[in-house]
Each structure stands twice: as C-alpha cells, then as structure tokens.
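Look at Swiss-Prot and you will find 1-117, 172-205, 261-280, 429-747 tagged as topological domain 'Cytoplasmic', backed by sequence analysis. The feature transmembrane segment is assigned by Swiss-Prot to 118-138, 151-171, 206-226, 240-260, 281-301, 408-428, with sequence analysis given as support. Taken from Swiss-Prot, the feature topological domain 'Extracellular' applies to 139-150, 227-239, 302-407. Look at Swiss-Prot and you will find 630-645 tagged as region 'Calmodulin-binding'. Summarising the annotation, Swiss-Prot assigns domain 'IQ' to 650-679.
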C-alpha cells in the first residue's frame, strides 16, 4: 500500500487510483531538510527563479552556482547536526526504520538477544582469564619454572574469540538508541536516535571500561613468549601475566553489573524463571571458587619460587635465572645442574614427617605442592583440584586453613574468608528469593487456611460447616493454585482480554447445547462476560423461592434439581444436571421480557451439587445484554433448544403429558361404562317386552331389579368421572412457564 518515492522520508499512498504524498510531521528531521534541498533542485524552476526552458543559455554558470549552494547547505547542515540542532528523537519503531543509519530500539528482540549473549560472553570471559594463571608450572625433573605452551595457545585463542563478542557489542552500542531522561514523565519516553548523541553518551559512560576490557594485552604477552626462545622471558611473562590479568579482570567483572541491570530495565526481567535465577547466582558462586582456585595455584607456585630463590641466594653456584626453564646454555649452569635436585629437595622439602620441623613453612600452599599439581601438565586434574579447593574454603570461610607467618599468605586467607562470607550470604539470599517465588502461593494459602481455622474456632462453627469450608478452600486451591484469574485478566487490554477469554471458554461454551449453534459474534460476547465458579459437594447453588441473580452453565460435575411447585403437598419433581446443562433459566425469561422490572425472578427449583462442580456464570446485568442479542436471531432453533434443556419446561411437559394420558384413560373408561350400561338397558327391555309366560309378579320384580342396577351404574360412573376430573385438574395446576421473547424486535 505504501511505497517510497522522491525525497527520503516521504511516503506515497495510492488512493482511488491517485498517488498521494504525505510526510510524518512528528518525524521531521534535519535529514529531511537536506533531502528536500536536493528535491528542490529537481523542480521545474531554477535558482534564478525563471522557468527551466528560459535558462538553457546559462546552464553551465547556474549549474556551478547550484553546486556551490548545495555544498554550502550541506556544510551548514553538518554544523547544525554537530551542535545538536534539529529534532533527533523518535517514539515509534517506524521512526527508526526511516533513519539514514540503522539505529536499534533498546527493546528490540535482536538487541535483547545480543545483550543476553554478551552477558554470557562476559561470564565466559571472566572464567577464561584465570586460566592464564595456570600457564606457569614447575618442571620437577629440571627443577625450573616453565610455561605450558600448549595450554597457552588454547587459552589465548579462546580469549580472542570471546573478545570478538566485546567488539561486536561495542559496535552495537554506537547504534543503540536510548530514552531521553527529560521525556520519562509519562509512558515509555522518547528515543534519541541521533548517532552523534548516542556516541557521545556511550563515550562518556562505558566506552573506557569496554576498551580496557577488550585490550589484547595477555595475548600479546603470551604470543611474544611463544615466538622467542630465550628462557629469561619466563620470569617476565609470569610477572606480566600475574599483574595484567588481575588488573584487566576488574573492568571485565564490573561490566557485568550495569549490563544485567540494563537487561532488567529493558526486558523487565533477567531470568525468566525462578530456577534460572537461582542457577545464575550459583554459577557466580562457582565462578568465584574458580578464581580463588586459580589464585591459590599461582600463589603456591610463587611461594615455591620464593623458597628456591632463598636457597639459590645462599649457594654460590646458583643464579636466579637458573630457576627458569630455557637457560641451560648460560655460563655456570653445569655446576648447578649437578647439585640442584639434592640441594633444592634439602632446602625446600614438601614431604616432611610430622615430628620434624620443616626448613621452610609453605603454609596453606603445602597441599598444592605435595599433591604435585604445580608440576603436572594434565590441565583437567589440575583445574578440578584447584576448583574444589576454592569451593571448599569459600563455603567453610577458610576455617580449615593453617597459615604461616608470611604476610601475603595471611592477607590472602583473610580476603578468602571475607569473600566467602559475602558470597555465601549473597548466594543464599538470592536463591531464597528466587525459590520462594515458587512457593509463595502455597504459603499464602497456608496463612489463609490458618486464619480461616482461627475464625471458625472463634465463632464456634459446627463441624459439618467447618468441613465444608475446608473442602471448598482445598478444591479452589487445586483448581486455581491461588491465582486470582479474574483480576489477572481484567488488568489486560480489552482485545487481549477478549482473545484470552475466547481461548479459555469457547470450547467449553460450545459444549452447552444452548450456545452450540450461535454465531461467532454472540459467542465472543458470551465468553467475554462469563465468570468461572466452583461449588463443592453438597453445596446449594440456589434454593426454591430465592431470587435468581445468575444463570449457570455446567462444565464439570453432577447436580440435583428438585421442585415442589411452591411447597404444594403431594408434588415432587427431581432431575439430574450434568455437563452441558444449565440452571437459572428463569433469569433468561426475565431478561427477554421487555416489560421486566428491576426485581429478579424467583427460583422454581432447588439445585444441589452432588459432586465438585465447575461452571460458568452469567450475572443478571450481563445476561440482559446477551439476551438482547438473542432476539436478533431470526430462528426458532434456539427457542426449541431452550425448551428442550430447560428444567421448567421439562417439568411442565411431563405434567402435561401425564394429564393428557389420564384424560385418555378417563375417556376409555367412560366409553366402556357407557357400553355396559347400554347392554344392560337392552337386556332389561328385552325381558319386559318379550311376553314371558311368567306371572305378572315375576315381571314386576325383574323391572325393579333392572332399575336398581341402572341407578348403581350411574352412581359409579359419576364418582369415577369426578375422581378423574379432580386428578386431571391437580396436574394441570402446574402452570406453563412464561414464553421467552425470541422475536427480532428491539425494545
């Protein structure tokens, strides 16, 4: 529908076959001024103001003048941009798309993914940097300190790959818009999309930290050592790595906190689930153990080097350079080579019997030297042993450490104890916070149950009522898990609320026969107004004679519906309601009546739950609206469905059929009595008029007997007909339910 033509930022739309151009007024920028300047030169008028066809003679001069004018305008435009003139803010994502350079929205999914990957790369970076401390090792055979070349190549390669993520992140920072602080009064705020302002802000905030973090100083030191063969470089490399890695570790570690805070501010949360948050802090604790283990390894090697240096200082055949591998060709090394093993084992022993005083106290580093990890090139065993030592002493706050009097060792132990205390408190606190979010609903339910028990005990409720309250609370918890679904949905926008209600209720509503054949519009209206209800076993939904304030549609469970026709003696009707049935249909008749007042109708039945019941409820006011939609259905199908499933209509139909059947039986019996009477009359007449040879006395007695028989027949017939008529009238007393108004007329 939209395409771009002419200057940048101007869109065109085809309306009724005509192309109409329009420009967003709130997106006007100085960029569009430049584009408009360029577009002006393409119009039919030249700079001198005359028509183009009259200026052909001075085409060369006017062209040069226009070129200079355009360059001057571009210069003024760039100066204005540099001092901040013009509008450089945007609110909507489409404003970012029309910019000349790609500017990312801080809440863009791609940028959020990149930030999460960068946090992961930061964690990997601070995990890789301590591996540089494992490069020095002790050659136990040559009694010298060397550099593990294979491990050095692997570590520097991994560090370089991770630094590439830093460079990519720094490039993204120059193209990521930010919310202007002055626009945070209401809503999201305005995004600053000017690349100059974005770059200025980044340079003033985190650029220096990122630059110090990404400097490849450790790689340069390691590769310089690998490409030189002089053994004296071992000492310089070891000292440089120790200081540079530790110094550069500070900005790398500090960069993680503002980045995670930025993720929480833009994405709302950093860890999507409670388990992810707990695992994140556990990972940080393991990272601290990894750092402590690497420092312990390096300090153990340094402490061993101090002992060797002290022993070498007391021996005239030794110089300090002999203690580092690669110096075998130095002058005087042969004399030292003959005595170094026995001499160093004598002066710096690591396996000393307990009853003897060692010549040199290694303190907390004795375990690293006696285990042989400082002289091993097996990185896996070396790494996990140091990791376990760091985790063990961080968790125990260094309680099992036996230090020497060496100040550096004591300071390291004190720092270890303080760091362990802080990290352990941080880990426990944050893990408790995250894990409590899993059980907060359960705890709220326990508090409510305790309050309910105290209240019932205070009010001295009978045991059966207490049991019903407990059963209802338990059933509601099992169904909702303590979540107030209604309030949760009500806080959402209307269209989203409608879609959620449709997703949750549509399939269940279609199972109700009354709603089965309705159109989508009516079903949406019904779903939007339905409210879920829960009823426990043996609870009464409505009682006969009470006002009906809602119509219930059964989703699960079984109910009993009973009526006595207003308490009339001798009348009792019972039926069962199951999934798909409804009750409270008196309210639908009331809602469809155009002359109904504000008084709610009375219930004609008592409805009791036989099992736990789930239902949807339509209250009276909402049903008024839905019922008004029913009248627009130009079909009798809904009316027939309503009659078929309505308990009122079913009861009336049953009584009506019983009355019709009894009337039929009455007519049959009356017909039979009439035939018997006719037969007896015919027999009596034949006796009288038959000319019998009996005497006149016998004839008189026969006529008298026939008259008495006819009188008894008439009496019995009258009594039976009166009884049948009275029973029929009793059945007909059950009035026909009022007819709902399903017409299409509005009222």
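Start at 1 and count along the chain as shown; that gives each residue its number.
Backbone N, Cα and C define each Cβ position, glycine as well.
Remember, predicted model here, so these are calculated numbers, not experimental data.
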Problem - Positions whose Cβ lies under 8 angstroms from the transmembrane segment (408-428), at least six residues beyond its ends - result: 281-282, 284-285, 288, 292, 295-296, 299, 303, 363-365, 393-398, 401
Completion exercise
Checking 118-138, 151-171, 281-301 against the transmembrane segment (240-260) for Cβ pairs under 8 Å, the most are found for 118-138
Exercise for the section: For the domain 'IQ' (650-679), jot down how many residues DSSP puts in helix, in strand and in coil. Expected result: 30 helix, 0 strand, 0 coil
Problem - Residues from the same chain, set at least six apart from the ends of the transmembrane segment (118-138), whose C-beta lies under 8 A from its own - result: 144-148, 151-152, 155, 158-159, 162-163, 165-166, 169, 213, 218, 222, 234, 237-238, 241-242, 245, 248-249, 252-253, 255-256, 259-260, 263, 283, 287, 290-291, 294-295, 297-298, 301, 304, 374-377, 379, 382-383
Handout entry: Folded-back contacts onto the topological domain 'Extracellular' (139-150), same chain, C-beta under 8 angstroms, at least six residues removed
Key = 225-226, 234-235, 237-238, 301, 305, 308, 322-327, 340-341, 344, 372, 375, 377, 379
